[in-house]
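Q: So TrEMBL has the following annotated:
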TRANSMEM  B:6-29  transmembrane segment
TRANSMEM  B:76-99  transmembrane segment
TRANSMEM  B:119-141  transmembrane segment
TRANSMEM  B:153-174  transmembrane segment
TRANSMEM  B:194-210  transmembrane segment
TRANSMEM  B:241-264  transmembrane segment
TRANSMEM  B:284-304  transmembrane segment
TRANSMEM  B:324-342  transmembrane segment
Amino acid sequence: MSTNTYSLSGRKKEVSNKKLTWTEKIYLVAILKGMMVTLKHMFKKKVTISYPEKTRPFSDVYRGKHMLMRDDEGRERCTACGLCALSCPAEAISMKAAERTADEMHLYREEKYAEIYEINMLRCIFCGLCEEACPKQAIYLTKSKQIAKADISRDNFIFGKDKLVMPLEAAIENTKQQNQA
Amino acid sequence: MDKTIIIDKAVIIVVVFAVTMLMAMYATLAERKIAAWIQDRIGPNRAGKGGLLQPLADGLKLFAKEETQPNTPNKFLFKFGPFLAMTLALMTSAVIPWGDKFHLFGRDIELQAADLNVGLLYIIAVLSVGVYGIMIGAWASNNKYSLMSGIRAASQMISYEIAMGLSLIGLLLMTQTLSMREIALQQEGMNWNVFYQPVGFLIFLICSFAETNRAPFDLAECEQELIGGFHTEYSSMKMGFFLFAEYANLFISSAIISVLYFGAYNYPGMSWAVENWGVNIANVIGIFALFIKICFFIFVYMWVRWTLPRFRYDQLMNLGWKSLIPLALLNLVVTAIVILLIKN
């Protein structure tokens with residue numbers, strides 16, 4: 001069997017150079033067929049998702065914006081050990097540690113805390129290694145669908161503690177739910 | 001000459017102008033919406049409810065754009081091109097009968113700017129001059145792509161005008177008149193010309209696509225090869241005029257098709273409506289009927305545009321000269337023979 005007549009896939013087609021018939025030449029039948037196809041598409045379900053009103057359903061393992069957690073008494077968990085910064089492959093995290101004073105017992109869980117904690121959102125690759133490295137379970141990547149807002153200033157992409165620490169209301173809500181359970 | 005006639009005509013002209021502009025404006029939105037639906041998208045929906053203010057936003061944007069001009073020796077012609085395109089697009093509407101006679105203030109008012117007894121000839125004439133706007137603009141742009149586009153537009157117009165004219169002669173044999181109003185009157189009820197001249201209608205429709213420079217015959221502005229063709233060098237509102245003229249043309253040529261082949265303002269039961277509800281109400285319904293027909297043809301134009309790919313240049317010429325012209329001639333001969341047989 002020569003390769004000319006043999007087809008492995010079974011879909012081989014001989015190219016023909018046949019002349020078009022008159023009905024084919026005026027294209028009308030083909031055009032009407034095509035128009036029926038497009039007409040069907042007009043009434044199909046649209047694939048557009050109107051972001052930001054609607055968002056695409058994200059995967060369960062989606063990693064969004066970071067959050068610095070509070071414990072059940074509302075104190076910040078972070079102890080500024082720097083392991084997250086060390087583990088970060090993109091060098092996005094930087095922090096400055098400070099010592100807790102006696103009147104700050106209700107604010108910070110450990111004796112040492114992060115006075116400044118910054119994540120550069122332009123560098124961050126949302127890999128989640130900081131989350132894995134943290135010994136105090138202080139940093140998590142949330143399922144927040146709000147991606148860092150567009151801006152023209154690079155400084156605005158460096159998120160400080162004001163944007164990263166868990167809001168107190170959320171901490172109170174969490175504690176309430178835990179007590180109920 | 002009666003003074004009231006001048007007022008009547010002035011009002012009709014202004015209204016027709018405004019309506020043409022409005023339709024052209026919203027045709028741009030309809031085009032984008034239909035394109036989107038055919039491609040399973042939603043289309044513009046941010047400006048106003050459902051995108052209703054989109055044409056305004058587009059117009060404002062064009063007005064606000066910087067106006068640039070190529071270094072061309074034909075500064076006057078460069079400005080004259082878009083002006084001519086727009087003027088000629090609007091001129092055709094003069095002979096279109098928008099409705100039957102209204103009976104108001106104790107006199108009959110014709111809903112037509114000018115009832116020429118050679119209305120059909122006038123339309124063919126203005127349509128063929130229509131390409132001059134593109135040609136002049138393209139030539140004055142001093143750009144090789146624009147020039148190519150101008151040449152294409154001109155040769156395409158010449159090729160398709162013949163078939164268009166021949167298909168109209170077939171219609172003319174039947175109607176025995178060149179006046180648009182009388183053609184409209186002859187199609188009373190469901191006595192539409194399309195039932196007697198289906199082949200002629202088809203040829204006329206295809207040629208209208210070519211005359212309005214729309215897909216699949218938009219070789220003059222094909223974005224891929226000629227980067228926009230005749231409006232490559234245009235910016236701001238001059239380009240807006242070119243684009244707007246295309247949509248005005250779309251509306252007018254839909255109106256011509258509706259009047260010539262689809263019974264103009266006639267609708268089944270019109271004589272009954274005249275007897276029972278009076279002339280004026282029957283006429284208002286007639287105008288609506290005409291606009292529904294026009295909108296349908298605008299939709300067909302867009303539907304075809306978003307279905308078919310552009311013709312290759314040799315395909316375009318083959319279709320025009322080897323298929324449409326012989327077909328139009330055949331249609332003409334058959335019509336003539338049939339009319340002769342019926343008369344004897």
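Glycine is treated like the rest: Cβ placed from N, Cα and C.
TrEMBL: automatically predicted annotations, no manual curation.
Have a look at these and tell me how they're positioned relative to everything else.
A: Counting only same-chain residues 6+ beyond the ends of the transmembrane segment (B:76-99), those with a CB under 8 A from a CB of the stretch are 12-13, 16-17, 20, 69-70, 110-116, 119, 122-123, 126-127, 129-130, 132-134, 136-141, 180-181, 184, 230, 233-234, 238-239, 241-242, 244-246, 248-249, 252-253, 255-256, 259, 264-265, 283-284, 286-287, 290.
Non-local neighbours of the transmembrane segment (B:119-141) in the same chain are 70, 72, 74-75, 77-78, 80-89, 91-92, 94-95, 147, 149-150, 153-154, 157, 161, 164-165, 168, 172, 178-181, 183, 211, 213, 220, 229-234, 242, 245, 249, 253, 256, 260; each lies 6+ residues outside the stretch with a CB under 8 Å from one of its CB atoms.
Only residues 6 or more beyond the boundaries of the transmembrane segment (B:153-174), in the same chain, are considered here, and those with a CB under 8 A from a CB of the stretch are 120, 124, 127-128, 130-131, 134-135, 138, 183, 193, 196-197, 199-201, 203-204, 206-208, 210-211, 213, 217, 219-220, 229-230, 260-261, 316-317, 320-321, 324-325, 327-329, 331-332, 335-336, 339.
With a cut-off of 8 Å between Cβ atoms, the residues of this chain six or more beyond the transmembrane segment (B:284-304) that come close are 23, 27, 30-31, 34-35, 38, 98-100, 111, 209, 212, 214-216, 250-251, 254-255, 257-259, 262-267, 270, 273.
For the transmembrane segment (B:324-342), the list of distant contacts is 160, 162-163, 166-167, 169-170, 173-174, 197, 199-200, 203, 206-207: same-chain residues at least six beyond its ends, Cβ to Cβ under 8 Å.
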Q: I need to check the long-range neighbours of the transmembrane segment (B:6-29): which residues 6 or more away from its ends have a CB within less than 8 Å of a CB in the stretch?
A: 44, 51-52, 54-56, 58-59, 90, 93-94, 98, 109-114, 243-244, 247-248, 250-252, 294, 298
